[in-house]
């Protein structure tokens, strides 16, 4: 093992630059030559591969996004383009490639691995959705949760001042993790996610009772997976008789200064990935499991459905409980 490369694929997350910094510094520390692949799998096809140096990662640890850029590649789905990508890696003498991304990126990595036996591939879960099976944490999640927290705290100020209901839509793709954790930690009165069935009649009874007792505003957090945010806004106005507003947080959840936790997790993920490559590991994903960083088969990560921890879901079910009273 002499030369290793790294790329970012799919949606960007805060913490990727911290991962790049650790990649360069730890590679040199282990006597390896680090390479950057710009623009994800697209860059792999277009041979945008170059040696990396300390100067390339100076000052980037506190910056969100990724210095080497990312992409979603349609061309990469075709074997002819993947063969070009492999030849480009071989042309630079690359022995191992680290891929930061989600399940789609890992499926692409699996295809590369199946089509060659002379290059090692290791994935690092990187998505704010936190929806990757086999790992309890994905890079970027903590920064995203803190961005959502700041937004909801600010919205609560105006909601309480005007006496309104605010329905806040958060990202997560098909997973309700972001919405659930954000609702719990921001004191929301309603949380709607695909993993927990809900009954609006139960909420109606509780909210009308709270209005009679003097409550003047409500905060609802809704997962984008449900695709019903506008419907919930209308429900508040028609059933609860309160002026309502919708806020779609959108891509502010992806950017921003990485938290200390994401920076530290980036260092751990990359260290484990490089160590795995040096040991001859191929076609694996570094997963965080009960405080440990473990390499797991791609098929156990990219091809399985992520399930939110049952203890966390139990807290989510309490939102419809009459005992669930938030301040």
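Quick reminder: no glycine exception, Cβ is built from N, Cα and C everywhere.
Record features (Swiss-Prot):
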ACT_SITE  129  active site, proton acceptor
BINDING   11, 72, 73, 102, 103, 104, 105  ATP binding site
BINDING   103  Mg(2+) binding site
BINDING   127, 128, 129, 164, 171, 172, 173, 224, 245, 251, 252, 253, 254  substrate binding site
BINDING   156, 187, 188, 189  ADP binding site
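Here the features listed in Swiss-Prot are painted onto the structure.
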residue : record                 : DSSP (3 states)
11      : ATP binding site       : coil
72      : ATP binding site       : coil
102     : ATP binding site       : coil
127     : substrate binding site : coil
171     : substrate binding site : coil
189     : ADP binding site       : coil
245     : substrate binding site : strand
254     : substrate binding site : coil
Checklist entry - So which one is it: of the binding-site residues 171, 252, which has the fewest other Cβ atoms within 10 Å? => result 252
Item to check | Inter-residue C-alpha distance, residue 11 (ATP binding site) and residue 127 (substrate binding site) (nearest angstrom) | outcome: 7
Checklist entry - Cα within 10 Å of residue 127 (substrate binding site): which of the binding-site residues 72, 73, 102, 103, 104, 187 qualify? => result 102, 103
Item to check | Among 103, 104, 129, 187, 189, which are recorded as recorded positions, the nearest neighbour of residue 245 (substrate binding site) by Cα | outcome: 189
Next on the checklist: Just to confirm: which same-chain residues, 6+ apart in sequence, have a Cβ under 8 Å from the Cβ of residue 254 (substrate binding site)?
Outcome noted: 11, 12, 13, 14, 64, 65, 128, 140, 144, 171
Checklist outcome for this item: Same-chain residues at least 6 apart in sequence with Cβ under 8 Å of the Cβ of residue 72 (ATP binding site), in sequence order, are 9, 10, 40, 104
Checklist entry - Rounded to a whole number, how many Å is the Cα of residue 188 (ADP binding site) away from the Cα of residue 129 (active site, proton acceptor)? => result 20
Checklist outcome for this item: Those same-chain residues, other than 11, 72, 73, 102, 103, 104, 105, found with Cβ within 8 Å of the centroid of the ATP-site Cβ atoms are 9, 10, 101, 108
